[in-house]
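Reviewing the structure listed below.
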Amino acid sequence: MTVLDDHFPQGDDETVVPTSSSIPILSQMRQIVIKKRLLISFLLTFFILALSSASILTYFFFRSKSITNFKSLAIEHIESHYPSMDPSKRAGFVEEIVKIRQTGKITSDAESELDMLIEFDAFVEKYKKVHRSFDQRVQRFLTFRKNYHIVKTHKPTEPYSLDLNKFSDLSDEEFKALYPVITPPKTYTSLSKHLEFKKMSHKNPIYISKLKKAKGIEEIKDLSLITGENLNWARTDAVSPIKDQGDHCGSCWAFSSIASVESLYRLYKNKSYFLSEQELVNCDKSSMGCAGGLPITALEYIHSKGVSFESEVPYTGIVSPCKPSIKNKVFIDSISILKGNDVVNKSLVISPTVVGIAVTKELKLYSGGIFTGKCGGELNHAVLLVGEGVDHETGMRYWIIKNSWGEDWGENGFLRLQRTKKGLDKCGILTFGLNPILYSS
C-alpha cells in the first residue's frame, strides 16, 4: 500500500487570487498612467497652439510689413510722378489704394495700381459715374482695372486700336445684358418688289445727286449697275448726327431704326429731322424697351403709327408711359427686307440700312481702325450700315457702320468693320438688311 502525504498538491496548479492589500497599488498605477496621458495631451495641444499662434503672428507681421512697404512705395510714386496734384488729394489716393490692397484683390505693384486708380478717378469724373458705397466703387475699379489691362496689352500691330471709354467699368455680364439676342426677320422682300422700290428712287433728283457724292463720281451712266461697293453715304448729308443710347438701356434697336428713317428723309426729301427713339422705347409693345427689341417691329410701328420728333419726346433711357405727340408725326410707306450679298448690292444702294452684328466685350473698347477682332456667336446689336470701302495701303475692305454709342466712341461714333466676303460676313452683318421706304418723291 502506498501512502500519500496530504500536503502534496494533486492535479492542476491552483490560481493565485489577489489579496485585498494589492488592489490599491493597481489603482494608483492606473491613475499615474492617466495623468501621464493627460499631461502629454496638454503639452501636445499647447505646442500646436503655440505653433499656430506663432504662424498667425508671423503672417500678420509680414502682412503688416508688406502693407507698410506698399504704402511707402505708393507715397514715393505719387509724390514724384504727380507733383502738381493737391497734397490732400494725393493722400486720399494713397489711403484708398492701401485700403483696396488690404482686401487682397490687387497686386503688390504699388506704382501701377496707383496709376490705375488715378485714371479710374478721372474716368469717374468724366462720365459722371456715381457710387453708392466704397464697396461698389471698389468693384467698379476692379472691372475698370481689367479693361485697363486689355487696352494696355493690345498689340499695336493689329489694324485697330482700343481705348478706355464709358463702358470701361461695365462687367462682361452687364454689357451682355444690354445687348440680348436679335432674332432675324422671318420673311423677306421679293426681288421684284425691291426692284419697284429701286425704280422709284431713280426718279428722285435729290437721291441721284447724293448718290453721286456717296459713290465719289460725277456721272452715273447706268443706275441699274450701281452697287454698294465704294459707296459711303457719310460723304453726304444723308447721315444724321451720331446719338448716344447710354450705358444702361438696351435700345440699339430703336436708335438704328430711327437713324434709318432720319437718313431716308435727308436722302429723298432733303429734310433734316431728329426723331424720337424714346417713343419707340415707351410705345413699341412688340419690343421690351430698355431690355431689347427688334428693328423690324420698330419700323412697323413707324409705318402704322408714325413717330414723334425728339424735341417732343426726348430720350431719357428709361421706359416711361407711352405719350407720343398727337399732331406731329413722321411716317414711312413700306419696309424692304433683304439678306446676304443683296444687302450690299441692293439695300445699301437705296439708303443707309439697318443690320445686326454679333458684338463682343472687345468691340466696346474699339477706338479706331479696321476691326478684325472676335465676334459673338449670335446677333445682339442693331446698327446702321452707311457704306463700304477699302484701305488702299493694306487692300483690306471694310464696312462703314454708324453706331449709337456717342461721338466719343470709335471713329467719331463710327466703326470700320472688316469685310471678309465669306458667308454672312464679319459678325453676321449680312444676315438681314432693313430699309424704310418712301413712295412719293
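Cβ coordinates are placed from backbone N, Cα and C, and glycine is handled just like the others.
Here the structure is a predicted model, which means the values were calculated and not measured.
Record features, source Swiss-Prot:
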- CYS249-CYS290: disulfide bond (DISULFID)
- CYS252: active site (ACT_SITE)
- ASN270: N-linked glycosylation site (CARBOHYD)
- ASN345: N-linked glycosylation site (CARBOHYD)
- HIS381: active site (ACT_SITE)
- ASN403: active site (ACT_SITE)
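Structural mapping of features recorded in Swiss-Prot.
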residue	record	Cβ contacts under 8 Å, 6 or more apart
CYS249	disulfide bond	LEU178, VAL281, GLY289, CYS290, GLY317, ILE318
CYS252	active site	TYR179, GLN245, HIS381, ALA382, VAL383, SER404
ASN270	N-linked glycosylation site	ILE206
ASN345	N-linked glycosylation site	THR227, GLY228
ASN403	active site	ILE242, VAL383, TRP409, GLY410, GLY413, PHE414, LEU415
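With a 10 A radius on its CB, CYS290 (disulfide bond) counts 19 other CB atoms from all the protein chains. When secondary structure is read from DSSP and collapsed to three states, ASN270 (N-linked glycosylation site) falls in the coil class.
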